[in-house]
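Note sheet for the following structure.
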Amino acid sequence: MAGLGASLHVWGWLMLGSCLLARAQLDSDGTITIEEQIVLVLKAKVQCELNITAQLQEGEGNCFPEWDGLICWPRGTVGKISAVPCPPYIYDFNHKGVAFRHCNPNGTWDFMHSLNKTWANYSDCLRFLQPDISIGKQEFFERLYVMYTVGYSISFGSLAVAILIIGYFRRLHCTRNYIHMHLFVSFMLRATSIFVKDRVVHAHIGVKELESLIMQDDPQNSIEATSVDKSQYIGCKIAVVMFIYFLATNYYWILVEGLYLHNLIFVAFFSDTKYLWGFILIGWGFPAAFVAAWAVARATLADARCWELSAGDIKWIYQAPILAAIGLNFILFLNTVRVLATKIWETNAVGHDTRKQYRKLAKSTLVLVLVFGVHYIVFVCLPHSFTGLGWEIRMHCELFFNSFQGFFVSIIYCYCNGEVQAEVKKMWSRWNLSVDWKRTPPCGSRRCGSVLTTVTHSTSSQSQVAASTRMVLISGKAAKIASRQPDSHITLPGYVWSNSEQDCLPHSFHEETKEDSGRQGDDILMEKPSRPMESNPDTEGCQGETEDVL
């Protein structure tokens, strides 16, 4: 098993290293800023001017080569259409298409007097204007939008209910559940920030805006023009910053959950209360530091639009810490699975059912995948492509797990938690008992005996005690013994003794002699210490730290 653990560690580090290396070579969103786009256009313009000078020296032609602001057009032939591939330096262009120009018989390019510029056909380059492509892409993104909107909404609702449940029961107040609640809040804030960002941020540069920026005679002026009126982007910049911050906090609270579970397994005498504030600092404080650094760098070096588009290497200020959290969580996951496999191997050595143990390992591993966010490392390792069926499948899977992860986490940490279920059952039993007691008539009425009958329908244990009580009341001596039996409510979990219950005992108990009543009083005094004392809620309700997950 030592060799198995070592191989798991080596395999994990190799996989993590290759994934992070592949991630470092690719842009997370595959987009560029306006400034980066303009720089590429300026470089193409300089190269085109050099080519034009060389072509003019070769001799006269029919239509002169020229730069139109987007494409460097070569020398044209009289009366024919010139076709040039769509330039690869324009991000939004269809790089597999071509642009067209027509050379007139008089040796000049077609000119549109209404627009005061040379005519050119870029319809094949503008891929999002093609009906067959735009309709399919629009439907695809609409499906994604509906899917992750439903997912984040379900996650938000389930997490809100889980927080109310854990916060309501004092017996569930402990460090482990406090960490769970912080994780729930981070998922809810992540969902909220996504909804807000979708409403206030424009995701793409429009065609008209692109043309207005790069179709100028001097594109360098457009860089300065983009910085003239920035007040209109303040709201969406704040939305983007908050989205990145809550996204980072969500990743780091998942890391905190992994660290906490790992310490419970591997650290002897682990004091969870002592490290709670440290976990809070990791989950909320550390992401605030590098997100603030990114915001300052973006405002200083690339203050364009809403900051929703990538700005070169500035993005690594917040992406590198997030990738580090994902990688560290993956290592903790491998180490935890290694311990589980070791325990199962040792259990099999003493003759347990092998298939049952491996099913238990598979179940625990599946739960740990969601708890540690292992699916993030899978999506990081996948190659980034923005076309084809593989990309569409990847987008569906990634957005599905990202949006529904909060729902899965709430099920694991709250709704399937044995302690939470026990507390809910206790509250339900108390509520049923209170309803039954309110429906019974006063004890002084003729139907006072029905009180005992009503209570017997609440729990099966009470029905047995009531039946035996009726039998022993017939004989005088047996009635004294029955009166000394502990009250059936004491057997209910979480039951709290109430003095009002003595007022609803059947009349037959009060018809005993003074001697018997004195003995009964002594017996009751002796029985009271046997009732379960209410223990500290901070410790009693939070036992078994690892059983809920493993």
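First residue shown is number 1, and so on along the chain.
Any Cβ shown, glycine's included, is placed from N, Cα and C.
Listed in Swiss-Prot for this protein:
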- 511-531: compositional bias 'Basic and acidic residues' (COMPBIAS)
- N51: N-linked glycosylation site (CARBOHYD)
- N106: N-linked glycosylation site (CARBOHYD)
- N116: N-linked glycosylation site (CARBOHYD)
- N121: N-linked glycosylation site (CARBOHYD)
- 511-550: region 'Disordered' (REGION)
- 1-24: signal peptide (SIGNAL)
- 27-145: topological domain 'Extracellular' (TOPO_DOM)
- 170-176: topological domain 'Cytoplasmic' (TOPO_DOM)
- 197-237: topological domain 'Extracellular' (TOPO_DOM)
- 261-275: topological domain 'Cytoplasmic' (TOPO_DOM)
- 298-316: topological domain 'Extracellular' (TOPO_DOM)
- 338-364: topological domain 'Cytoplasmic' (TOPO_DOM)
- 384-394: topological domain 'Extracellular' (TOPO_DOM)
- 418-550: topological domain 'Cytoplasmic' (TOPO_DOM)
- 146-169: transmembrane segment (TRANSMEM)
- 177-196: transmembrane segment (TRANSMEM)
- 238-260: transmembrane segment (TRANSMEM)
- 276-297: transmembrane segment (TRANSMEM)
- 317-337: transmembrane segment (TRANSMEM)
- 365-383: transmembrane segment (TRANSMEM)
- 395-417: transmembrane segment (TRANSMEM)
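Shown here: features listed in Swiss-Prot, placed on the structure.
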| residue | record | DSSP class |
| --- | --- | --- |
| N51 | N-linked glycosylation site | helix |
| N106 | N-linked glycosylation site | coil |
| N116 | N-linked glycosylation site | coil |
| N121 | N-linked glycosylation site | strand |
Seminar exercise, completed: Whole-Å Cα distance, N121 (N-linked glycosylation site) to N51 (N-linked glycosylation site), is 22
Problem set entry | Distance from N106 (N-linked glycosylation site) back to N116 (N-linked glycosylation site), taken between C-alpha atoms, in Å | 19
Exercise. Same-chain residues six or more away whose CB lies under 8 A from the CB of N106 (N-linked glycosylation site)?
Worked result: V78
Problem set entry | Under 8 Å by Cβ from N51 (N-linked glycosylation site), counting only residues of that chain that are 6 or more apart | P65, C72, P74
For this session: Please compare the glycosylation sites N116, N121 by how many other CB atoms fall within 10 Å of each one's CB, and tell me which has the fewest.
Result: N116
Exercise. The transmembrane segment (238-260) and the transmembrane segment (317-337): do they have three or more Cβ pairs under 8 Å, with pairs 6 or more apart in sequence?
Worked result: yes
Problem set entry | For the transmembrane segment (238-260), sequence-distant contacts whose Cβ falls under 8 Å of one of its Cβ atoms, 6 or more beyond its ends | 176, 179-180, 182-183, 186-187, 189-190, 192-194, 196-197, 200-201, 272, 279, 282-284, 286-288, 290-291, 294-295, 306-308, 318, 321-322, 325-326, 328-329, 332-333, 371-373, 376
